[in-house]
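A.B. asks: What Swiss-Prot records for 61, 73, 94, 112, 194, 229, 252, 298, 433, 448, 561, 719 (among others) is N-linked glycosylation site, and it gives sequence analysis as the kind of evidence. What Swiss-Prot lists as repeat 'LRR 1' is 100-125. Summarising the annotation, Swiss-Prot assigns repeat 'LRR 3' to 156-182. Annotated repeat 'LRR 4' per Swiss-Prot: 183-205, in sequence order. Here Swiss-Prot flags 254-277 as repeat 'LRR 7'. Annotation source Swiss-Prot lists repeat 'LRR 8' at 279-303, citing sequence analysis. Annotated repeat 'LRR 9' per Swiss-Prot: 305-326, in sequence order, evidence recorded as sequence analysis. The annotation repeat 'LRR 10' is assigned in Swiss-Prot to 327-350. Annotated repeat 'LRR 11' per Swiss-Prot: 351-376, in sequence order. For 378-398, the entry in Swiss-Prot reads repeat 'LRR 12'. Marked as repeat 'LRR 17' by Swiss-Prot: 493-514. If you look up Swiss-Prot, you'll see 515-538 marked as repeat 'LRR 18', on the strength of sequence analysis. Annotated repeat 'LRR 25' per Swiss-Prot: 736-760, in sequence order. Residues annotated as topological domain 'Extracellular' in Swiss-Prot: 30-830. Residues or ranges marked as topological domain 'Cytoplasmic' by Swiss-Prot on the basis of sequence analysis: 852-864. Per Swiss-Prot, the feature transmembrane segment maps to 831-851; the stated evidence is sequence analysis.
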């Protein structure tokens, strides 16, 4: 996957090189600064300045060598316009951009266009030869008729380069699309979008293509047979789609230098002719359903193939013998091939240039791992995870160029050999998930090493923590039995960014240097004392987890200096403090967990307005002593939780903490959190960025549940149980379309269960037990599929799954009356927020009036 990204970055780099060299010699090539035009005609200069004024350019980097304007030497007309990371605002259909009719090359990459769709007026720029709009966040091509003529490119017959990658385009690609009329195209990139359709055979009409990238979309079905027409193509990227069928017919594409088909569903065998292509240097076929043996012709010894990834397939027969003929290989991935016999690494000896090897998930011959065996001395990175290895592979002892070793998830016991630390280039060591219990020789051997990443997770280490290398960047020792105090020497490791010592037996206080790091996890130890109040201004701290210890005192106010903080968990300690309203000043805080401490007092702001925390996604304050009621507008400002699922575009809360350009791998840190979910206590080892959860259970909160909770469309789990909430269940719960778990048990709620809860199609768990609810449980919905105990303790409830039948089951309960009475409570709290400060009462009255008469209209206008 990482190689795919690198390849696509290279692809973009080639595009930019093309942009630099395609300008005809008749052009005036003196680049005009973005800040002012001195060589173009006055009218063109004015038009450009007008175009700039349509956007916010405060963050534009005027020193960026990419940004600029070129003008024709004879006419003075703008012919080349390049602006990246510069423009913020809406690209409108009447933009002055579309008045530059002489434009040949237009690159507006990585800007912040807030417009959802691409204006069709691009088609008026009919002299364009290059159009690059990658990474702009466009999400809609409906106004450009993606399924039809695609007006964006209808008249752009001279276009040679088109890059619309890394946006959010969706829909299907119709064979009649005018895209396929661009017969001059040499470079086409639609990668990283959401286009879902079969691959039209008319791609074969674009027979001048040299680079084609359709990766990371939803293309399905068989690869178009006319691909054999693309005889000029040098780079073909079809990664991460859902393409099926036998291997594509690419035997005519003899100019290929890069062929990427990974993460699809291709089946059959790998054709041997690939290894005869004279220019092929990269072949990526990972994660398909390919089978059979590999046949490499003897003539392939002159092959230029340097990178070959075949992992996660079903290859059979002798694998390494034919591969050993590809003597120019530098990177080889044969992971998880499901072979039925042990693989002998000695067969790699002809590959003298091999620097990267991944054999994970395969059975290796024990003899081939001994010190008497041979693998290329050029090896820099070796991955042998899940290979059933029982002894430390001594074959590594001779690899003086080794930088990265990964032997995770094997069955290796005993101590780590001392010779490992004598390898002069060793920087990345991951030996997690084995049974190591110590280190040969003195643990002080670490100190002067060049090791930057050291991962010791899930082993049997015990005793004091070893002294870490001075060069260490990331250190993780999760799930071991280390004891004693956390050594103060870690405070002297000035490069240390990530330290994870969770799930050990450390005692004593937390070191004072927490703000030196970016990621700190001390969860589930036996630490005591208070959290150090030593976070300095502009601290880079992003994640702090000290849950499940014996910490006391108050939350340190110096956390306010950590403007990058995204994750804060102090759950299951003995912290005694009031609710930290002051944390709302942290602009990036996504997760706040205060569960099971001694926090007390109200959680409503002193002015009784909305709670802050605009980016908050997960808010856990269960099992404390919080009191008071929640004002109606309590949830209005929770903008992140108001997003729909995945609307923020992320996947997991994953942070990269080693970004060195020469790193053979990228190490990341993921947050862990405990949740009460679907009535169960669950530990989430990876937290989705789109996940939103609230847990107020086990406190002393009272009053009505605010209707504004219905704004939090991203909510997946909501737990308000074991409080003293009164009043009716909010009708706005019906807006929580992603809700999966809802617990309101153990309160004093009255009235009926709203029918709207039955429309929540993802709701798999609900409990309203032990309240004062009455009436019939909504029938014919997922609610009736719940267990009986979810509704017990409500004397007035009847209907399935309870045994109590309603008075007259033939007549449905009259719930609309209550809902009509409560409709005045269904207020659009976004409107309340707009006019909240000076005129709360007036705003509530107006919102009440509007919502009562035309709620659908109001919702449409505001966008919920």
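Glycine is no exception: its Cβ is also placed from the backbone N, Cα and C atoms.
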A.B. asks: Fewest other C-beta atoms within 10 angstroms of its own C-beta: which of the glycosylation sites 61, 298, 433 fits that?
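C.D. replies: Sparsest of the glycosylation sites 61, 298, 433 by Cβ contacts within 10 Å: 298.
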A.B. asks: Given the glycosylation sites 73, 719, which one is most crowded in terms of C-beta atoms within 10 angstroms?
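C.D. replies: The residue with the most neighbouring Cβ atoms within 10 Å is 719.
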A.B. asks: Which Cβ among the glycosylation sites (112, 229) has the fewest C-beta neighbours inside 10 Å?
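C.D. replies: Taking 112, 229 as the glycosylation sites, the minimal 10 Å Cβ count falls on 112.
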A.B. asks: Take the repeat 'LRR 4' (183-205) and count its residues per DSSP category (helix H/G/I, strand E/B, coil), listing them in that order.
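C.D. replies: The counts are 5 helix, 6 strand, 12 coil.
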A.B. asks: Starting from each candidate's C-beta and looking 10 angstroms out, tell me which of the glycosylation sites 194, 448 has the most other C-beta atoms.
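C.D. replies: Comparing the glycosylation sites 194, 448, the most crowded Cβ belongs to 194.
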A.B. asks: Reduce the DSSP letter at residue 719 (N-linked glycosylation site) to three states and note it down.
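C.D. replies: DSSP call for residue 719 (N-linked glycosylation site): strand.
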A.B. asks: According to DSSP, folded down to helix, strand and coil, what is residue 112 (N-linked glycosylation site)?
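C.D. replies: Residue 112 (N-linked glycosylation site) sits in a strand per DSSP.
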A.B. asks: Out of 94, 252, 561, which of the glycosylation sites is least crowded by other Cβ atoms within 10 Å?
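C.D. replies: 94, out of the glycosylation sites 94, 252, 561, has the fewest neighbouring Cβ atoms within 10 Å.
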A.B. asks: Using DSSP and three states only, what is residue 73 (N-linked glycosylation site)?
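C.D. replies: It is coil.
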A.B. asks: Based on Cα distances to residue 194 (N-linked glycosylation site), point out the closest of the glycosylation sites 94, 252, 433, 561.
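C.D. replies: The answer is 94.
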A.B. asks: Answer yes if the repeat 'LRR 11' (351-376) and the repeat 'LRR 9' (305-326) have at least three CB pairs under 8 Å among residue pairs 6 or more apart in sequence, and no otherwise.
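C.D. replies: Output yes: the repeat 'LRR 11' (351-376) sits against the repeat 'LRR 9' (305-326).
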A.B. asks: Most CB pairs under 8 Å with the repeat 'LRR 8' (279-303): which of 156-182, 183-205, 327-350, 378-398, 515-538?
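C.D. replies: Per the Cβ count, the answer is 327-350.
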